[in-house]
Amino acid sequence: MRTPLIAGNWKLHKTIAESLAMVDELKPLVAGSRGVEIVVAPVFTALKSVSFALNGSDIGLAAQDCFWEEQGAFTGEVSPAQLRDAGCSHVIIGHSERRQLFGETDEGVNRKARAAVAVGLTAIICVGETMEERESRATFTVVGRQVTAALAGFLSHEFSRIVIAYEPVWAIGTGKTATDQQAQEVHCYIRNLVTMSISQAIADSLRILYGGSVKPDNIRGLMAQPDIDGALIGGASLKAASFAEMVNFRG
């Protein structure tokens with residue numbers, strides 16, 4: 001049984017004060033949630049403060065990115081160990097915005113994920129195709145390449161700290177959402193790929209999230225699909241009431 005994971009990616013939003021206010025509003029709204037893992041990902045500067053604010057709650061803390069080196073002359077980067085020190089339990093890696101805007105590569109995603117898992121963080125690894133790739137019927141080719149590259153080199157026991165998030169680039173911040181069936185089709189493909197390339201047991205336990213304009217009015221249909229194990233939520237996670245409604249998708 002895969003525990004659903006609902007993750008809120010706040011992207012480049014909220015000051016420290018605004019992040020703390022959001023957490024204070026959110027905590028009582030999700031305090032009674034059972035059978036679901038909850039994670040929020042504020043900006044780097046708010047991580048430590050939000051970590052203290054989440055203490056004693058059932059909400060986990062994620063960073064939005066990391067670097068693969070532990071330390072050194074890498075100006076502007078943050079290591080997985082430093083994120084753990086700031087209170088993080090999770091880190092988002094390879095988000096489409098990182099790939100599209102900052103040239104993140106499949107190799108870089110793999111190096112970051114391996115470094116994160118090595119220090120005990122759960123890596124939420126993002127994959128997904130552009131609209132051009134979907135229209136040219138390259139969705140499975142692109143997603144397959146990204147998943148295969150991202151999961152290279154992991155040992156069997158490390159997969160418990162890996163989550164895949166399928167986020168079609170054409171649905172990020174556009175208001176467009178993959179239909180329940182479109183999302184399920186790709187999630188099923190990812191799980192079958194892991195079955196064939198790694199093992200049935202790992203595929204069965206691997207959580208695969210959907211990301212891409214997830215909102216309170218579409219999350220229930222998505223979560224009803226057999227291979228969708230949660231959601232990576234952007235804009236709709238910025239308001240406590242909206243995010244809490246999605247955490248409590250079961251009603």
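Cβ atoms here come from the backbone N, Cα and C positions, even for glycine.
The shown structure was predicted, so the numbers you read here are calculated from the model rather than taken from an experiment.
As annotated by Swiss-Prot, substrate binding site applies to Asn9, Trp10, Lys11, Gly173, Ser213, Gly234, Gly235. Within 10 Å of the C-beta of Gly173 (substrate binding site) there are 13 other C-beta atoms, taking all protein chains into account.
Taken from Swiss-Prot, the feature active site, electrophile applies to His95, supported by sequence analysis. Packing around His95 (active site, electrophile) is summarised by its Cβ count: 27 other Cβ atoms lie within 10 angstroms of its Cβ, all protein chains included.
Annotated active site, proton acceptor per Swiss-Prot: Glu167, in sequence order, evidence recorded as sequence analysis. Counting every protein chain shown, 27 other Cβ atoms lie within 10 Å of the Cβ of Glu167 (active site, proton acceptor).
In the three-state DSSP scheme, Gly235 (substrate binding site) is classed as helix. Taking every protein chain shown into account, Asn9, Lys11, Ser213, Gly235 are the binding-site residues, and of these the Cβ with the most other Cβ atoms within 10 Å belongs to Asn9.
Our reading of the substrate binding annotation (Asn9, Trp10, Lys11, Gly173, Ser213, Gly234, Gly235) yields a largest Cα to Cα distance of 14 angstrom.
Distance noted between the C-alpha atoms of Gly173 (substrate binding site) and Glu167 (active site, proton acceptor) is 11 Å.
Under the three-state DSSP scheme, Asn9 (substrate binding site) falls in the strand class.
When the alpha carbons of His95 (active site, electrophile) and Ser213 (substrate binding site) are compared, the span between them is 14 angstrom.
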